[in-house]
């Protein structure tokens, strides 16, 4: 190891450099691992590429001579398989059986599990996840049988169950997406630092994002003895001027080498098809310009007051970005009646450009990943795709588990044109190499998130060239946000990959606020020079380049024309410069245009205030355009005109209601179709009963029901003492009823335990239905439970009524009477068809304030009065209770009127 800081006198060295020099004098011999060795020890299902094998050797070397390291390979280069190969090396070569702990985001938990099973089937892997009860069971199992190699869990669960996980002596701790540790004061950083760990491995495709403090936080985690938390200021002070001091830059580069390995696709995956990146600028519609101006004028205090809070300016920035995306993101902007049409496209310069772009890509046979920051914008894009008839899948933060997996599977196996994704939700743990085009509808403030998102398509396994297209609003805040992101992205490239640095000391917060107020003025001179639309047509072929049979032809880059820019040759990152000075400030003309707007707004306010037509609220300014309209005297309408307006509004409201209902039904049908495909792919068969409306009752009507009710012997509820799980039935089938919630988590005690003793089916069927999202309020699962014991005649079945809701905070509602009534109707149909009797416990008897009288009336109305033999069981707690119930059972029919 080359000595770091050798040119600096020892008296002037910070503690971390002295400690590093002392450590470098005693280095362990280098590990030598060949792929055939790994195969002999249990590696299967993969052929490691040369750089991956090199990475495994580097990890093994770090394990021998350090406390930890950072594997910072670019996204898509196989950090997961290198990590698993390290486990195989430790178990096979060193007889180190672990345990190894892996922490990762929930979105990639299943991916880690699948990769472990595929690459290292000889290593036992426990997935530690689920609700509190499930994890409690897992804890008991792990305590009783602690022999496992790998435990896989998420950050959140690790924090919840830290005391349990701390009890294990971990051989290796792996933290995936380790930028979660960039703040050494965070709870996760502090908690994991308390674990007993021999070796820590951090995996991140974005090891440097913003500052030297974040870099030091990662170093202090993997080597706390060398990089103590107290020395962070020394570290920042020593390297804050590395842009000017080449010796400091070289020193930091050498300091990082033993602890951080970073490879990029362009260097090691040369066989990977080329990725080219292009920025296309677009204009704004007149409607967008109107609201862009209005947003800037809405809160003048944020600009005029030097002590303005950053949160106000951030809100203005957020609103401006929404305006550049689409004005319909604001309530009340979309014209009534709400009917989809070309107005959706023409209202936004960005969507107008996307419309032309997707038409071009569709005609050439390309497939697209379409990213946006905002789920509301994804809703508009989804409406647009429906309008144009393009096939699509969608994943955002609300899509979980199996639905997410099914969407990815569908896109990979079917000719679906577009995959809609939110950048944060779709940027991690997804392999979407079926697409060859990535479009960023809008850009993330953090360029690393966009890089991760683009890596969903440009990664190992991609066999086509990939085109990354970014849409930027010309002369808007989007343009300067994009420019600022360009310099931020240089941190990773320069610090890790080049040894040259652009990272200086952080600016004070007040300066950052002032800078933000200036950013919001960017481009105003050109943008507001006219009120009309600045949208224009562009030649997409000349901008994007040649395409043949759904493949991008990347032999040569086209000449960029107005509206677009191609990456400069040799640039290896998402953002690029245009040959201009990318200063972070607006021009002199932009500032003058902003001042003119402010003066105009003040004049307007003073005028309207003097006329008594406006009540001014401090810090609140009306939207320009709406104020002018409010100062005009309205014409008084005649009674006929008022009536005509009322009718038009009624018709518009009815039409809007009808369209919304049609949209809702269409959405439900699409979701149902998607669920059916998911069930089919998992070989799942639902045991839910159909509704009363969907199954005719062979001509039964109210009169026949009334006639049956008049026979007291056949229509009364029969109250019995005993165990409802062993129904007192004759030769007929018996349906046992039990109420559950919609969580899919089987309960403990009482009837839950009694049913589980009777049969293995209830828990299995119920939990599977929960996993497959087959539990909804009012639903009924019906299935036989004669697997352990059965009667000589007749079959026993269990009907699980979903009558309670359990929310994410684990708060359980009471029994919902509407759901119970809906379920009883379904049970009636099933019992009538089977000529079965129905057996119920005293539903809700232990619930305080529960309406048993109302429940009893529902049971009588939908079961007993319609000729279904109905029994309600009182479970005896003592001999006295049995005698009492037996004595009163003969008169039980008179308990309810």
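Just so you know, glycine gets a Cβ as well, placed from its N, Cα and C.
In Swiss-Prot, the coiled coil annotation falls on 640-677 of the listed ranges 450-487, 488-525, 602-639, 640-677. From the options 538-557, 558-577, 578-597, 718-737, the stretch Swiss-Prot describes as region 'Disordered' is 558-577. Between the stretches 364-388, 389-413, 414-438, 689-713, Swiss-Prot puts its region 'Disordered' entry on 689-713. Checking the ranges 168-171, 172-175, 176-179 against Swiss-Prot, the motif 'DEAH box' annotation falls on 176-179.
Of all the modified residues given, namely 542, 638, the one with the smallest number of surrounding CB atoms inside 10 A is 638. In the predicted model, residues of the region 'Required for ATPase activity' (617-675) average a pLDDT of 69. It is 58 Å from the Cα atom of residue 542 (phosphoserine) to that of residue 638 (phosphoserine).
Note on the motif 'DEAH box' (176-179): DSSP counts are 2 helix, 1 strand, 1 coil. Secondary structure of the compositional bias 'Basic and acidic residues' (650-672) per DSSP (helix as H, G, I; strand as E, B; remaining residues coil): 23 helix, 0 strand, 0 coil.
DSSP assigns residue 542 (phosphoserine) to a helix.
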